[in-house]
């Protein structure tokens, strides 16, 4: 496959990094430093304006995908429109799929949408996708990550095991999980473990659990402490991410939301839109304000300002003052491990949402949903099995599935099944798989 990426910032760089090992990748950026960094990858780098028709004409022939992910919405949209016009006027050229990263809510009102009428096959808003991800996590206060698959029939939730947890020292088989619910993987420092019943649970393990949403309702009592009151949430920053997240939380009956926003005019605007939230004009680093709002009683503090450094400081203060759980936005990929190293419960990145959507388009026809976890070290992938899929029609114990991958769930009609060795996958089944990043390309071969 040939992919053209416009923009070599955080998002563009990581898309190129993910695609370059097995694809022809061209990356365009007018910033000299960004282009120089991209040149470290096995890609063709062009220094210039990615919306320029002359440059696009040179690289679009035989391209399967064009991804415009600069920091300017209009440049991304114009690049996609220009690409479509060029292809329309070139006889015999394939119709390249176009993707644009867009942040302005005037252009987009959902995380992913199509604007084919203006030449954009897929429009992705990383900020809205991030807000949706955080809202899913907030539905389970003890979780550090969450995702839905198979149109809501399967849920993935990731939990961190604290040193004080009653689970430390127990065997996997001692976990009292509901039916149709399994531990898919354990992340332990640099290790990724597909667990067995006699494996011990250790402090600071990150455990990925997959199951029916209704079967996972009691996981709070297994992995954390079940909250008996309305979930108390403090949101710091109400920009694009914060506003969209606040709207999602505001609809929940079981949530008590407070917002700290430094801009007075923005506070007035937010207060007029939200029905149930308390909006405070102030600074998330103001210790007196945090104490006045009884931050030690907060179940979750979410810092989503536009500054990574401010989010880090707000999060550290919240932790120090007794907040039970802290989630922070980190746009820079090199900051993600730093946030968790200093004790922040979870660092979330708008970049990952865009990378996930692009990878889903490039990895094969059968993919329905794909999400990366633990800093792109592993993936949860949902495939739809076709008549030609190698996995169809034989017992799973006869299928030599790649090492480092595990079939977690199969959705067949209204049924959600944990497959055993004698289970046979049928055409049309939706198969949810945990895979280490190194095994993902091998997994794909079973569904072609």
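Glycine is no exception: its Cβ is also placed from the backbone N, Cα and C atoms.
Per Swiss-Prot, the feature NAD(+) 1 binding site maps to 7, 8, 9, 10, 11, 29, 70, 71, 101; the stated evidence is similarity to another entry. Taking all protein chains in view, 18 other C-beta atoms sit within 10 angstroms of the C-beta of residue 9 (NAD(+) 1 binding site).
Per Swiss-Prot, NAD(+) 2 binding site is recorded for 232-262. Taking the Cβ of residue 232 (NAD(+) 2 binding site) as reference, residues of its chain lying under 8 Å away and at least six apart in sequence are, in sequence order, 256, 258, 297, 298, 299, 300. DSSP gives residue 232 (NAD(+) 2 binding site) a strand state.
As annotated by Swiss-Prot, domain 'RCK N-terminal 1' applies to 1-124, with the evidence given as sequence analysis.
What Swiss-Prot lists as domain 'RCK C-terminal 1' is 144-225.
Regional average pLDDT for the domain 'RCK N-terminal 2' (230-348) in the model is 93. Per Swiss-Prot, domain 'RCK N-terminal 2' is recorded for 230-348.
The domain 'RCK C-terminal 2' annotation in Swiss-Prot covers 368-448.
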Secondary structure content, the domain 'RCK C-terminal 1' (144-225) (per DSSP, counts of residues) | 15 helix, 32 strand, 35 coil
Residue 248 (NAD(+) 2 binding site) falls, by three-state DSSP, under helix
Please list residues from the chain of residue 244 (NAD(+) 2 binding site) whose Cβ is under 8 angstroms from its Cβ, counting only those at least six apart in sequence.
-> 105, 127, 128, 131, 132
Out of 236, 240, 248, 252, 260, point to the one nearest residue 7 (NAD(+) 1 binding site) in space (Cα versus Cα); all of them are binding-site residues in the record.
-> 240
Largest tally of Cβ atoms lying within 10 Å of a Cβ, found at which of the binding-site residues 240, 248, 260 = 260
Which value in Å gives the longest Cα to Cα span across the NAD(+) 1 site residues 7, 8, 9, 10, 11, 29, 70, 71, 101 as recorded?
-> 15
May I have the DSSP-based helix, strand and coil counts for the residues of the domain 'RCK C-terminal 2' (368-448)?
-> 12 helix, 35 strand, 34 coil
